[in-house]
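Please read the structure below before turning to the comments.
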Amino acid sequence: MLPENLPTDPAAMTPAAVAAALRVDTKVGLSSNEVEERRQAFGINELPSEPPTPFWKLVLAQFEDTLVRILLLAATVSFAMAVVENNAADFVEPFIILLILILNATVGVWQENRAEGAIEALKSFVPKTAVVLRDGDIKTVNAEELVPGDVVEVAVGNRVPADMRVVELHSTTLRADQSILNGESVEAMKQIEAVKGRQERFPACMVYSGTAIVYGKALCVVVRTGASTEIGTIERDVREQEEVKTPLQVKLDEFGVLLSKVIGYICLVVFAVNLVRWYATHKPTKNETFFTRYIQPSVHCLKVAVALAVAAIPEGLPAVVTTCLALGTRRMAQHNALVRDLPSVETLGRCTVICSDKTGTLTTNMMSVLHAFTLKGDGSIKEYELKDSRFNIVSNSVTCEGRQVSSPLEQDGALTKLANIAVLCNDASLHHNAATVQVEKIGEATEAALLVMSEKFANIKGDSAVNAFRTLCEGKWKKNATLEFTRKRKSMSVHVTSTVTGSPASSTNNLFVKGAPEEVLRRSTHVMQDNGAVVQLSATHRKRIIEQLDKISGGANALRCIGFAFKPTKAVQHVRLNDPATFEDVESDLTFVGACGMLDPPREEVRDAIVKCRTAGIRVVVITGDRKETAEAICCKLGLLSSTADTTGLSYTGQELDAMTPAQKREAVLTAVLFSRTDPSHKMQLVQLLKDERLICAMTGDGVNDAPALKKADIGIAMGSGTEVAKSASKMVLADDNFATVVKAVQEGRAIYNNTKQFIRYLISSNIGEVVCILVTGLFGLPEALSPVQLLWVNLVTDGLPATALGFNAPDRDIMEQRPRRMEEPIVNGWLFMRYMVIGVYVGLATVGGFLWWFLRHGFSWHDLTTYTACSDMTNGTCLLLANPQTARAIALSILVVVEMLNALNALSENASLIVSRPSSNVWLLFAIFSSLSLHLIIMYVPFFAKLFNIVPLGVDPHVVQQAQPWSILTPTNFDDWKAVIVFSVPVIFLDELLKFITRRMEKAQEKKKD
């Protein structure tokens, strides 16, 4: 048998037709030879495994970043020059650069291959063994040995080993938990009848690999194995989703490319100018060798160019970005949002569309009865409303026709019977969680809601209120037998016997029935009224009941209704309860007592969260597998829809989406707020459509089926109660499954972006200052004001601490009133870059100014400084000072550090003056500035470090420095140099205040134009 011979739609075929197509006798199974032949054709029944990416490939991938490559090149050239000049101190620079690159690569490799976790989690759902019929014998085999055509037995507690067609039921019903595929907590009823013209993704006559059998026993035929199964399709979809860079990473990469080009051109210009100047000022001599004439000057000019590259590249930027994002994840964790992927923190702040699941995210995932009704003595409807959306048993939570009633069961005999039926036709239970002070359920949500309803009706006060009425009912009635729910009759019932002494013989044995109201009503011949009287069910009664059911199940209510009835019957031994075919006859001639309507209600905080989203310019789109009417009712309650009367262009089903043209789909995703009756493929399709419109999309999900869409979205958000597969495929997990948490995370993401902009502004303006310093000294042929090692120290340590502290800046008050940033919006726009340039140029000129000030103060002329390379007598004191100007460099380095600390204060706010945005608003920044200045003083006044960084302590007598021990701490006695440092540094504050003032004026002018 070949793969092309497999039935394409086994659900639409009868069991006999499926068996014939697969060439198997379901009474005997396949023979051993047939199994072997089919294994050769179809392979083994397991999800495919791909070898992990080799470690060396992961390491190489970390060096694809432009800035990293420039640093690698700078390290290589620097190392080569250190070898040529044979100076041990010169090896410090390439060593530090390589150390940075290794750390970056280590972090990158650690974060790689997130998809493999999701794929491995998928495999955990597939069972290890299966019970199979082969050669007429029942055998237990490894699940991976199954082939199409194998006849497999499944029973309660088993996980399904492959996609199979149900061919025989060995119990009254078969129920499967398919939540890993469809995300729905309601168990799926299974049948052997074919499903033709189906609209459901998972038809009732099929069971699927990885799902669990929760009730019953059946015989099935394997139709799909391995990668061909539904779970295999999900595995393939997850694997095929490529990791895409976040918007922040893209913008940082673009910034890196731009920076690298500018650096490259400037380095070439500086190298060429310095080389030309060298040859212009150095005439060849007879004793000059080729090395001293050509190689040495080239190496020197190259060294200056490399220093310029090191100055221009913000080496600390990746570490600061990572730290800022990590701080954001900590703050998000406090709001129950657990971030698995650091860059995604900022992505959420950019998001323009949030695609949210309904159940459990927008709603409480706690089914609650909101409405119930019985009939009055005059045949009119008696309505009850119940409040509180959770499982809590709230006293006095029932109103009857607008009036609060404290003991409704004492006033309504039909309601008493309804509550008894709801409790006894029930397998769920409630218990009080002392830790959370909440009532929690065990069992189906629908049945738990009925228990809560009954307890609220009984209104029994006390510590045992959570199960008080149930205990009372179970004391009055003995449950003898249960007639399980079947899809055909849409009802279930229990046979009970009264244990109350002296009860009338006619009411000793009863059949309590609950089910679909229309089915229960169809089989009813009598009705119980609120006064306890049982009367004939007239046409008028029937009409009023149907009208009431239509009222609460339709329109904006869309409640799920359940009907209740009972029937006096014989003792259990005299009733035919063994044959499911007779269940409908047993449940006939019923007495209808009433009905209730329930709903998974919206979370109270979600409506406000959606309003915040609107204010922030974020669309909320609900994508659910629930029916359209229920989903629209929830959207109305949340304010996403104004009414359910006309939802044209706002609400679509998955089937309607499939019928659209590509143009219609594009139009739909731009206007719709709801997609109902969707399956996993629709989620994938909607994410792609939104991304095609250049919208940044966040997607929530909890099931295995959601994994591909979660991975495809710009940011996938899994529910804390969801599957491990969904969590592994996502970038964020909501511990409390709450939509309002997403909105808090969006706010945090926006704050992170603003802070990222501020520390990039700080770092880049500082780097521009360093570039200007190197550029000016290089172009004018001045001695080196700053060495590469000093630049690395400033970029990584001195600047790194304040830049990181800027991540603690408080968010702007109007942060959630701003529109989302466009995908193409750069981190740094034109005017902002101009501001960086102005500040950076001042930083550079101030550094060079301080450097020149020292020389000019000590009798050097401009000519001496610009022709210092012509010094040939290195025993001359002037030449020695020009070749190694340690004091001037110490002043230049000090000015650079102090001016950058003051510039960090400027970065507290992009546009607000320091008078408004005071330094005290970020104590971490003040601590960072203090730490950076302390570190600078340590490298200056501890001789060991001063020698390492090739500077001298300012204001300390040279003789004291010469006699000092390497680890002693020196103290300045002359502060003239430090006064100069302050004079050159402080103006940066006033310059930035002027630029902020101009920016505020420009923004006001733009606002006036808009008005």
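Residue numbering: from 1, along the chain as shown.
Glycine too: its Cβ is placed from the backbone N, Cα and C atoms.
Positions annotated as active site, 4-aspartylphosphate intermediate by Swiss-Prot, on the basis of similarity to another entry: ASP357. A coil conformation is recorded for ASP357 (active site, 4-aspartylphosphate intermediate) in the three-state DSSP classification, outside any helix or strand.
Taken from Swiss-Prot, the feature ATP binding site covers LYS514. In the shown protein chains, 27 other C-beta atoms lie within 10 A of the C-beta of LYS514 (ATP binding site).
As annotated by Swiss-Prot, topological domain 'Extracellular' applies to 85-90 (among others).
What Swiss-Prot records for 279-303 (among others) is topological domain 'Extracellular'.
Here Swiss-Prot flags 795-835 (among others) as topological domain 'Extracellular', drawing on sequence analysis. When Cβ-Cβ distances below 8 Å are used as the criterion, the topological domain 'Extracellular' (795-835) is approached by residues 96, 100, 247-248, 251-252, 254-255, 310-311, 313-316, 319-320, 323-324, 327-328, 349-352, 612, 615-618, 694-696, 746-748, 750-767, 770, 897, 900-901, 904, 907-910, 921-922, 924-925, 927-929, 931-932, 935-936, 992, 995, 999, 1002 of the same chain, each at least six residues removed from its ends.
Same-chain neighbours of the topological domain 'Extracellular' (906-922): 754, 757-759, 761-762, 802, 805-806, 808-810, 832, 839, 988-989, 992-993, 996-997, 999-1000, 1003, counting only residues six or more beyond its ends whose CB sits under 8 Å from a CB of the stretch. Among the features that Swiss-Prot reports, topological domain 'Extracellular' is placed at 906-922 (among others).
Look at Swiss-Prot and you will find 66-84 (among others) tagged as transmembrane segment, backed by sequence analysis. Note on the transmembrane segment (66-84): residues 90-91, 93-94, 97-98, 100-101, 104, 253, 256-257, 259-260, 263, 295, 299, 302-303, 306, 309-310, 313-315, 317-318, 788 of its chain, located 6 or more positions outside it, place their CB under 8 angstroms from a CB of the stretch.
Look at Swiss-Prot and you will find 91-110 (among others) tagged as transmembrane segment, backed by sequence analysis.
Within the chain carrying the transmembrane segment (259-278), a Cβ under 8 angstroms from the stretch's Cβ atoms is held by residues 66-67, 69-70, 297-298, 300-302, 304-306, 308-309, 312-313, 771, 774-775, 778-779, 781, 869, all 6 or more beyond its ends. Summarising the annotation, Swiss-Prot assigns transmembrane segment to 259-278 (among others) and lists sequence analysis as the type of evidence.
The transmembrane segment annotation in Swiss-Prot covers 304-321 (among others) and rests on sequence analysis.
For 771-794 (among others), the entry in Swiss-Prot reads transmembrane segment, with the evidence type sequence analysis.
Same-chain residues lying 6 or more positions outside the transmembrane segment (836-856) and placing a CB less than 8 Å from one of its CB atoms are 761, 764-773, 775-777, 782, 785-786, 828, 864-865, 885, 887-889, 891-892, 894-896, 899-900, 903, 906, 977, 980-981, 984-985, 987-988, 991-992, 995. What Swiss-Prot records for 836-856 (among others) is transmembrane segment, and it gives sequence analysis as the kind of evidence.
According to Swiss-Prot, the transmembrane segment annotation covers 886-905 (among others).
Per Swiss-Prot, the feature transmembrane segment maps to 923-942 (among others); the stated evidence is sequence analysis.
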Let's check the environment of ASP357 (active site, 4-aspartylphosphate intermediate): how many other CB atoms sit within 10 Å of its CB? 27
Near the transmembrane segment (923-942), which same-chain residues lie under 8 Å Cβ to Cβ, leaving out any that are not at least 6 residues past its ends? 793, 797-799, 801-802, 804-806, 808-809, 890, 893-894, 897-898, 901, 904-905, 908, 948-949, 951, 953-954, 956, 966-972
Please report the Cα separation of LYS514 (ATP binding site) and ASP357 (active site, 4-aspartylphosphate intermediate) in Å, rounded to an integer. 30
Can you count helix, strand and coil residues in the topological domain 'Extracellular' (279-303) using DSSP? 17 helix, 0 strand, 8 coil
For the topological domain 'Extracellular' (906-922), what does DSSP give as the number of helix, strand and coil residues? 4 helix, 0 strand, 13 coil
Secondary structure content of the topological domain 'Extracellular' (795-835), with strand meaning DSSP E or B: 22 helix, 0 strand, 19 coil
